[in-house]
Ligand SMILES: *Cc1c(COP(=O)(O)O)cnc(C)c1O
């Protein structure tokens with residue numbers, strides 16, 4: 001195989017060399033338990049505190065509002081299940097959207113099986129939630145609104161500030177799954193009226209298995225993992241010190257380079273989008289042109305089966321995705337594409353390309369050339385395409 005072209009940065013990212021370097025001393029050298037009293041543990045404790053400060057500053061929060069978890073999925077589970085329990089006496093209604101990550105959707109379904117009612121809001125053809133729909137869905141027994149900051153499949157950025165203002169006006173809690181947005185676009189919990197926010201290390205060149213949940217001071221939320229007194233009694237378990245240090249370093253780098261990275265990625269993304277739409281017939285862009293993550297492109301190709309496209313790209317060393325990593329392997333079309341109105345048969349022909357600041361123009365050119373050949377080849381084998389060509393001849 002030739003060189004590896006990694007275009008699946010929404011699924012996970014490489015750990016940055018600076019991040020690894022920051023983590024290494026916390027395995028064999030400063031391995032003390034940050035909860036211990038003796039001075040040997042003070043290095044680990046200071047490192048955890050430092051990471052917490054960096055992360056809190058990145059979203060305009062206070063240190064004591066950041067709770068480390070084992071990743072985005074845990075943060076999402078915690079935010080929903082533990083507020084549902086803590087606010088059950090006020091009501092049992094939750095509002096979310098049809099395009100959330102499965103960490104939210106499957107948690108919401110679990111809550112439905114346990115006596116809660118969930119409204120799943122529709123989105124427009126770009127994948128955006130209409131804030132007026134959020135407001136219209138609020139009832140006296142609504143306790144929580146959970147809307148993602150940016151979608152992991154089609155890259156659409158949601159109107160958080162507008163939704164946050166509505167939540168506040170109605171005294172309903174507002175949670176956002178910001179796993180794809182954190183470190184990529186500016187987020188400010190006060191400005192956006194966010195009460196809880198989930199993020200994950202491995203989507204921002206940090207390690208896997210570490211994330212955090214921001215919980216605004218004053219929000220009642222039950223603890224999620226019972227045990228020791230870590231994380232102010234709310235999330236027990238010895239701190240994952242190397243992971244926390246890595247997440248802190250990754251956050252520091254992402255924030256420091258955010259503007260530059262976004263400019264670079266946006267330019268390369270738009271180059272990719274315009275070439276694909278111009279050079280490949282029957283191709284469409286899924287998601288918003290205006291409100292889009294800098295690193296995301298998601299295409300639909302008619303008369304193509306997404307899996308076959310991915311296998312042929314893989315044979316040329318190109319890693320891409322046809323939806324989210326979590327749904328691949330199943331034959332169900334993406335719930336996100338269905339929610340934006342893509343018919344079943346077309347939802348199967350989608351391709352998600354998510355770049356990074358390491359992606360080069362040459363890699364994108366190589367990918368486009370390959371994609372063009374692959375699509376011609378797959379269409380030449382498609383009876384549907386043959387019918388289409390005959391009818392339109
Ligand atoms: C990746 C992802 C998650 C899950 O995060 P993990 O750290 O892998 O558990 C949740 N939500 C979104 C939007 C994601 O992209």
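Cβ coordinates come from backbone N, Cα and C, glycine included.
Of the residues 114, 130, 152, TrEMBL places 152 in the same pyridoxal 5'-phosphate site as 72, 73, 180, 200, 201, 202, 238.
Listed recorded positions: 202, 203; maximum Cβ neighbour count within 10 Å falls on 203. Under the DSSP three-state reduction, residue 200 (pyridoxal 5'-phosphate binding site) is assigned to strand. Proximity of the binding-site residues (73, 152, 200, 201, 238) to ligand 1: a Cβ under 6 Å from the molecule is found for 73, 152, 200. On the backbone, the CA of residue 73 (pyridoxal 5'-phosphate binding site) and the CA of residue 203 (N6-(pyridoxal phosphate)lysine) stand 12 Å apart.
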